Amino acid sequence: MSITDILSPSDVAAALRDCQAPDSFSHKKFFQISGMSKKSSSQIKDIFRLLDNDQSGFIEEDELKYFLQRFECGARVLTTSETKTFMAAADHDGDGKIGVEGMKAEMIK
């Protein structure tokens, strides 16, 4: 399974175009443009599994910086400030990891 089995390739491309410049990434805007915010709970869990590169059940900060590359190989790496902002928003218990529920809560806000 790939991201484009769940999300429209044109929506993903539009979301990636929107945040090409360093420090232009907003996870909430990315979720909206890509269509992630409109997906069912089951589809969000599937997307999360695809984003969880090491399949640990969590997305850690070192994985999060490569978030955009999970959508397209040549996409840029998130900047340190983008990564920290995203982590702070989705890491609801402050353990330095984002679980599927934290990601889901950010997607549907």
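Heads up, the Cβ atoms here are built off N, Cα and C, so glycines get one too.
Note that TrEMBL annotation is computational and uncurated.
Features as listed in TrEMBL:
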| type | residues | note |
| --- | --- | --- |
| BINDING | ASP52, ASP54, SER56, PHE58, GLU63 | Ca(2+) 1 binding site |
| BINDING | ASP91, ASP93, ASP95, LYS97 | Ca(2+) 2 binding site |
| DOMAIN | 39-74 | domain 'EF-hand' |
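Feature map: annotations from TrEMBL on the structure.
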residue	record	Cβ neighbours (10 Å)
ASP52	Ca(2+) 1 binding site	19
ASP54	Ca(2+) 1 binding site	10
SER56	Ca(2+) 1 binding site	10
PHE58	Ca(2+) 1 binding site	18
GLU63	Ca(2+) 1 binding site	18
ASP91	Ca(2+) 2 binding site	21
ASP93	Ca(2+) 2 binding site	10
ASP95	Ca(2+) 2 binding site	11
LYS97	Ca(2+) 2 binding site	18
Residue counts (helix, strand, coil, in that order) that DSSP gives for the domain 'EF-hand' (39-74): 19 helix, 2 strand, 15 coil
Inter-residue Cα distance where the pair is ASP95 (Ca(2+) 2 binding site) and SER56 (Ca(2+) 1 binding site), in Å: 14
Distant-in-sequence neighbours of the domain 'EF-hand' (39-74), which means Cβ under 8 A and at least six residues beyond its ends: 1-3, 6-7, 12-13, 15-16, 19, 25, 80, 83-84, 86-87, 96-100, 103-104, 107-108
Inter-residue Cα distance where the pair is PHE58 (Ca(2+) 1 binding site) and ASP91 (Ca(2+) 2 binding site), in Å: 10
LYS97 (Ca(2+) 2 binding site) versus GLU63 (Ca(2+) 1 binding site) - Cα distance in angstrom: 10
In sequence order, the binding-site residues (ASP52, ASP54, PHE58) whose C-alpha falls within 10 A of LYS97 (Ca(2+) 2 binding site): PHE58
CB-centroid shell, 8 A cutoff, Ca(2+) 1 site ASP52, ASP54, SER56, PHE58, GLU63, site residues removed: ASN53, GLN55, GLY57, ILE59, GLU60, LYS97
Whole-number Å value for how far ASP95 (Ca(2+) 2 binding site) lies from PHE58 (Ca(2+) 1 binding site) (Cα to Cα): 11
Check: same-chain CB within 8 A of Ca(2+) 2 site center, minus ASP91, ASP93, ASP95, LYS97: PHE58, HIS92, GLY94, GLY96, ILE98, GLY99, GLY102
Cα distance (Å, whole number) from ASP52 (Ca(2+) 1 binding site) to ASP93 (Ca(2+) 2 binding site): 18
